[in-house]
Amino acid sequence: MKILVIQGPNLNILGHREPHIYGNFTLDQIHNNLQAQAKQNNAELEFFQSNFEGEIIDKLQECIGGEYAGVLINPAAFSHTSIAIADAIASCGVPVIEVHISNIHAREEYRSKSYTGAVSAGVITGFGAFGYHLALMGILQIANEIAALKAQQNNQNA
């Protein structure tokens, strides 16, 4: 099972960016922890980070009819502004879980609305870097349930 992990703008500078909000973890450390967790669950991860909205949309569109069983995404500030990324999530054809390091509901008012979260299967927010662990557990559970249902349908049709 292959899961796509998409990281949005400014996440490439985690560890340096406002550590009082986002902690001291770097993106590489988060990815290494996710990779270890995925290995324990017989899953493969592909990581993608971009500061550009269109590149994130292009990557989500690769999920259509593709090899991914699900997406874990931290759209960062784009979650509050990008209807285009929300549309790409809604039409990518696989379950998506949104994750935020900080609690977006406890910050500035404009951060409390998530266009992308509204079209995701779930949203994990405010657990720091551990939120990625929770999000991966969630997307693996959903993807496994979908795979089991598809197998059951195939057995009934055989």
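Every residue, even glycine, has its Cβ placed from backbone N, Cα and C.
According to Swiss-Prot, the feature site 'Transition state stabilizer' maps to Arg17, an assignment based on sequence analysis. Counting only residues at least six positions away in the same chain, the Cβ atoms of Asn10 sit under 8 Å from the Cβ of Arg17 (site 'Transition state stabilizer'). For the recorded site, Arg17 (site 'Transition state stabilizer'), the DSSP three-state label reads coil.
The active site, proton acceptor annotation in Swiss-Prot covers Tyr22, and the record cites sequence analysis as its basis. Secondary structure at Tyr22 (active site, proton acceptor), taken from DSSP and collapsed to helix, strand or coil, is helix. The Cβ of Tyr22 (active site, proton acceptor) has Leu14, Ile101, Ser102, Gly128 as same-chain neighbours under 8 Å, each 6 or more residues away in sequence.
Within the same chain, residues at least six positions away from Asp87 (substrate binding site) with a Cβ under 8 Å of its Cβ are Val119. Residues or ranges marked as substrate binding site in Swiss-Prot: Asn74, His80, Asp87, Ile101, Ser102, Arg111.
Residues or ranges marked as active site, proton donor in Swiss-Prot (evidence: sequence analysis): His100. DSSP assigns His100 (active site, proton donor) to a strand segment in the three-state reduction. Around His100 (active site, proton donor), a 10 Å sphere centred on its CB holds 25 further CB atoms from the protein chains shown.
If you take the Cα of His100 (active site, proton donor) and the Cα of Asn74 (substrate binding site), they are about 6 angstrom apart, rounded to a whole number. Spanning the listed substrate site, residues Asn74, His80, Asp87, Ile101, Ser102, Arg111 have a farthest Cα to Cα distance of 24 Å. Most Cβ neighbours within 10 Å, among the binding-site residues Asn74, Ser102: Asn74 holds that distinction in the structure as shown. Following the DSSP three-state reduction, the secondary structure of Asn74 (substrate binding site) is strand.
Taking Cβ-Cβ distances under 8 Å and a sequence gap of 6 or more within the same chain, the neighbours of His80 (substrate binding site) are Ile104, Tyr110, Arg111, Lys113, Ser114, Tyr115.
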